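Lifted from Swiss-Prot, the feature list:
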- 14-55: domain 'JmjN' (DOMAIN)
- 79-169: domain 'ARID' (DOMAIN)
- 197-207: compositional bias 'Polar residues' (COMPBIAS)
- 197-227: region 'Disordered' (REGION)
- 257-303: region 'Disordered' (REGION)
- 273-283: compositional bias 'Basic and acidic residues' (COMPBIAS)
- 324-374: zinc finger (ZN_FING)
- His514, Asp517, His602: Fe cation binding site (BINDING)
- 1185-1250: zinc finger (ZN_FING)
- 1315-1362: region 'Disordered' (REGION)
- 1335-1345: compositional bias 'Basic and acidic residues' (COMPBIAS)
- 1441-1556: region 'Disordered' (REGION)
- 1445-1460: compositional bias 'Basic residues' (COMPBIAS)
- 1461-1478: compositional bias 'Basic and acidic residues' (COMPBIAS)
- 1485-1500: compositional bias 'Acidic residues' (COMPBIAS)
- 1513-1522: compositional bias 'Polar residues' (COMPBIAS)
- 1530-1540: compositional bias 'Polar residues' (COMPBIAS)
- 1541-1556: compositional bias 'Low complexity' (COMPBIAS)
Amino acid sequence: MEPGSDDFLPPPECPVFEPSWAEFRDPLGYIAKIRPIAEKSGICKIRPPADWQPPFAVEVDNFRFTPRIQRLNELEAQTRVKLNYLDQIAKFWEIQGSSLKIPNVERRILDLYSLSKIVVEEGGYEAICKDRRWARVAQRLNYPPGKNIGSLLRSHYERIVYPYEMYQSGANLVQCNTRPFDNEEKDKEYKPHSIPLRQSVQPSKFNSYGRRAKRLQPDPEPTEEDIEKNPELKKLQIYGAGPKMMGLGLMAKDKTLRKKDKEGPECPPTVVVKEESGGDVKVESTSPKTFLESKEELSHSPEPCTKMTMRLRRNHSNAQFIESYVCRMCSRGDEDDKLLLCDGCDDNYHIFCLLPPLPEIPKGVWRCPKCVMAECKRPPEAFGFEQATREYTLQSFGEMADSFKADYFNMPVHMVPTELVEKEFWRLVNSIEEDVTVEYGADIHSKEFGSGFPVSDNKRHLTPEEEEYATSGWNLNVMPVLEQSVLCHINADISGMKVPWLYVGMVFSAFCWHIEDHWSYSINYLHWGEPKTWYGVPSLAAEHLEEVMKKLTPELFDSQPDLLHQLVTLMNPNTLMSHGVPVVRTNQCAGEFVITFPRAYHSGFNQGYNFAEAVNFCTADWLPAGRQCIEHYRRLRRYCVFSHEELICKMAACPEKLDLNLAAAVHKEMFIMVQEERRLRKALLEKGITEAEREAFELLPDDERQCIKCKTTCFLSALACYDCPDGLVCLSHINDLCKCSSSRQYLRYRYTLDELPAMLHKLKVRAESFDTWANKVRVALEVEDGRKRSLEELRALESEARERRFPNSELLQRLKNCLSEAEACVSRALGLVSGQEAGPHRVAGLQMTLAELRAFLDQMNNLPCAMHQIGDVKGILEQVEGYQAEAREALASLPSSPGLLQSLLERGQQLGVEVPEAQQLQRQVEQARWLDEVKRTLAPAARRGTLAVMRGLLVAGASVAPSPAVDKARAELQELLTIAERWEEKAHLCLEARQKHPPATLEAIIHEAENIPVHLPNIQALKEALAKARAWIADVDEIQNGDHYPCLDDLEGLVAVGRDLPVGLEELRQLELQVLTAHSWREKASKTFLKKNSCYTLLEVLCPCADAGSDSIKRSRWMEKELGLYKSDTELLGLSAQDLRDPGSVIVAFKEGEQKEKEGILQLRRTNSAKPSPLASSATASSATSVCVCGQVPAGVGALQCDLCQDWFHGRCVSVPRLLSSPRPSPTSSPLLAWWEWDTKFLCPLCMRSRRPRLETILALLVALQRLPVRLPEGEALQCLTERAISWQGRARQALASEDVTALLGRLAELRQRLQAEPRPEEPPTYPPAPASDPLREGSGKDMPKVQGLLENGDSVTSPEKVALGEGSDLELLSSLLPQLTGPALELPEATRAPLEELMLEGDLLEVTLDENHSIWQLLQAGQPPDMERIRTLLELEKAERHGSRARGRALERRRRRKVDRGGEGDDPAREELEPKRVRSSGPEAEEAQEEEELEEETGGEGPPQTLPTTGSPSTQENQNGLEPALATSGPSAPFSTLSPQLHVPCPQQPPQQQL
């Protein structure tokens, strides 16, 4: 059995060649070079150089083609034989009214063809039955042993195959009883292929492609049973008798005789039985016309259904019908109920007269044995491919091809392995069960559709790149017409041979086993797409392949002897290899060539969508194969594509245009052809044919000069007849022309026998011209006549070979090598002579040795050409030999004078030739020079050398020839270098070590290294470092012993220098500690004064504001500080960095700065007061309008005016104060109507630059500063600020202690006590508790507090009607009280007000918090009416802030509840209550408050706890860290002490940084 498809074994790979660019330039030359290797495989693959990538020149939009349809399992020869066999056996049963059903055995379709062949091979049916060898038959069919399969096969053979075989043999059929068996598997109904009718069948649509297009449909096994009683078998009755022996079909109870009506009555009605796809059976009785229409519908219906007809039995009671029929066997008409009518010839037979007899009247169509035999013996038609009806473009074909492949393999096309496609292809072509149909755009003419290569046809302009590829020899339009190609001598454009064909393939599309026309070469180039798989067989095995295929499929070759020339037959390579045929394979990828050699069978298939181009070409070595091909065609009677004789004669007519190799090959072929022509014409004369006439055969159409016997195209001669002018024969078939007399026949010839030798002679002259030239070259190279030729004569011979285009033979190569060698000798000799003339200035490395000079002279003497430079070389050799004698004498008398040795050495260098003695002289000179250099370097008077110099001397000494003096000097030098490197390493360790050494250690190392007579860089660096350390120590002593403590900048500079020194310094550790302490103090001071992320430095905050008088400068510099662009530490007081080191200068400058700051703020107040108020309805924008920190002009409600600079700002852009110290009054808190105690004081961020700590905190910093042994600019500025604050505090206390002010304070205290004593209701209203997350909830109270106050008329405001319930009731109460507020509470005389206002101004300029400041502020507030606009603005801002706090509180509550729901731990209620307070403000002030708490922790609680109220200034919110206690009980300001936290609402505007 043949190999299965699943175990397909790929054949070995064919040779693959990768030519270099030099080899690639000559296509036919390279192919001739690889031919000895590649020809043994039949095909080969060539990969061009990577840069050779021709553009695709096809016009894609206009390219349209109609492909061929290929059914894969009809391509393979053995599969087609099986299908033909099944079609014939199916026809056999069909004409007997049965349909072929192929049974299943062991779950696979029974191979009826193989079963039939094996039965024949085993001796036939009778012999197998006799010997009981059906088990052996099952074994040969690869069925497993046991299971009684042999008996099953016998039953199927008897039922299906044996009747057909008996009919084929012409013997009478014998009765074969069916053996009953129980078969569980179902038979498959066979649908005939009708292979001969393929060309007339409409192609299937590609949208019906399926991976497994099953041809075989299951059908139940017929059995003998009463059909009428069994409804299932009644359904099966529609299939007729089935593929059984006659008499074994289904038997119905109603057996009626069919008769023919001689008188021509109307045809009986027929029953059309249709099995629909749903499984229902429909029986219709129709008229003949309707029946014909139904048959037409069946032929065009696409539905998968089965239809057949059954004739109804004629009524046997009709006497006319009975008398009309007689049996053809017994010639009787009795028993007409058992008389059968043949549907083919209308003859009648008794069912019992047939052999074998039939038990009943069969249903359906029945034909007699004579008709069955005639139908089965009909010869099959030739097989070929049919054309598709759809026309494709490249895009539409590609879409179809890719879709088919992706659907078939169920994966993307580029991911399908080539091995899988190959195995699946051979499985499909070997499969009878599966029909897979593909399309192949093959043999598309490039002349009509355009080539894939650029072509110079003047139809369009080509780019330079396209022009290069259009003229390339590898362009398939150019290769067939190259000069070395034979086809260039054929004028006609032979499509497919001279003109390329195009191939557009899809997966599984195949090209079958074939050889090229006239056994020519072929070359195929894959332009793009997926690979193409090739199989090849060498020419030596071509006949073997043909024999194997004929042996395996004789049925095909019997009807079509030239089947392999039709390109329609495949055979599995494994099958061929198993029969000894050598097969190779390859995968041709895009951009690769595949070449097939003469008479090399090849086939293959495409892996997917691709585009290829192919053409034939013929070289000189093809001519013998072409002649043999004509003889082969003559035997097969196959038409020729062109006349081989005509081609030879046309090349012989112009021998000078032929390549020499081609001329020699043509001469050889021409000679054979002339000899054969002589023989044939002589045979013609012997037959008595003497008439002849000249005929220009090349002018006749090919079909008019073809031999009517062998179809060969005639050219040299042909035999014709006067009486039969329609035909002629070649001289090989002179007896097959006609039956006419020889006297009526005549010879038609192209050349006479005298002209042919003349043409042959011209070829010989052209071919032998090479021999004449070769003899001349041979004589010259071998000096056969004893005379050497000159170079000019040899060059002339080489030029002749080039001009006459002689082949690149071995002799020509010898001539070229001789010329090349002679010219090299001449050039070398001239260089030797010119080198002597150049003397010591010649190029180094060009000298030759004495031995080389002698060999060179011998080489020149041995060359077969004469050169006059030989005499010059001999003269140089004599000079060198004389010099050698002198040198030997000088070396023998050592020690000689150094001057003598040097002069001899220079003379030898002028010769241009190296003499062995010269090297010895050179060594002696080098030794003397090196020793002198060592002495000079180590001399005591010499300057110290470096380590590099010493190493260089050692390296140079290593190359000096050894001697006692040299060895001693080298040892001393090495010892000194070792010592020096050791000390250098010590110094390096000292410089690089992490643990620095003290100066004493370094001094010891330096002192010991002074005795080494070598310059040591690390020792020198160590000296410099030690000197710097001493200078640094001196600077430290100087600065520590000065009149004042050293400045921090100086100490930092010294520390930086000291750290860089590689010396261990005790003073450095002390300085680092002092600097660290100073930095710690400055950091602590910064945390005390500076806000978080402040744009000011500590020094700027501590010093008076230098820009207080200029609003624009102050604002612009503040913006620059916000952006980090402005730094002015050294410009604060107008002092330079050096002046800042003098304490006196700092104090003087600070005093001057105080005065300038005061003058500046007064000027700024006047300027800002002149600006229009944003609250005024008539305010208009002008150049003097106030601008907020956000960069916009504040306008309308929400604007606040700074109490210091009098400028206006948005309330939402700055930190604003709270009106009340606490939203829940207590018995000890201030009365609600004491509006002068409300915290309404506002300082803008430009005026309040720091946290403004309390004076007690500053004093603690000063105490720490006194302990520092370092001077800081910030420390001195802090001292000045403290003195300024204490001075102001003293003046403020003095003013508050005056008689007038004391009286005013007393009256204000009485008013406060009166308001405090206001009686409360007995049952104050209570309010629902606020949520735990409410940011307004404070303290531990559960209910809302009592709210009390006093209206102007003394009425109580604590009634429920006057108090708003719920959250925010304090703000609503304040809002309701605003219309009732009147003032002033005190009458403040101008004499008293003016000093207080001036003090208030100076106090606001201080960056320190003082209680006296707040006392003066409350007194001034009580002395004027309440600022209703500011109070309303503050109320609105606080309401907005509380609304945001409630939203945040609700979010926190929801988050806490989600945690509880998830099973997590809830948040601490106290923490939840306090959390909203900490997030009250999202601006920088909230972060500052948190930082103050951290500062308090870091300072260790230096200030008092935050239990006592502090002043109500805006800075108190910044000072919640509680660094110092409030002076609540000292001085007259105690009654006015309250806690007034600031309020900050985030501004929706962009910050100044973003605005800028």
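Placed from the backbone N, Cα and C atoms, the Cβ positions cover glycine too.
Keep in mind it's a predicted model, so treat the numbers as computed, not measured.
Over all protein chains present, the Cβ of Asp517 (Fe cation binding site) has 19 other Cβ atoms lying within 10 Å.
When each of the binding-site residues His514, His602 is scored by how many other Cβ atoms sit within 10 Å of its Cβ, His514 comes out lowest. Remote same-chain partners of the domain 'JmjN' (14-55), defined as residues 6 or more beyond its termini with a Cβ less than 8 Å from a stretch Cβ, comprise 452-454, 465-466, 469, 472-475, 479, 482, 484-485, 521, 534, 536-539, 541, 582, 584-586, 588, 591-597, 600-602, 617, 619, 621. Secondary structure by DSSP for the domain 'ARID' (79-169): 61 helix, 7 strand, 23 coil. His514 (Fe cation binding site) carries a strand DSSP state (E or B). Each residue of the domain 'JmjN' (14-55) gets a DSSP state, and the totals for helix, strand and coil are 16 helix, 6 strand, 20 coil.
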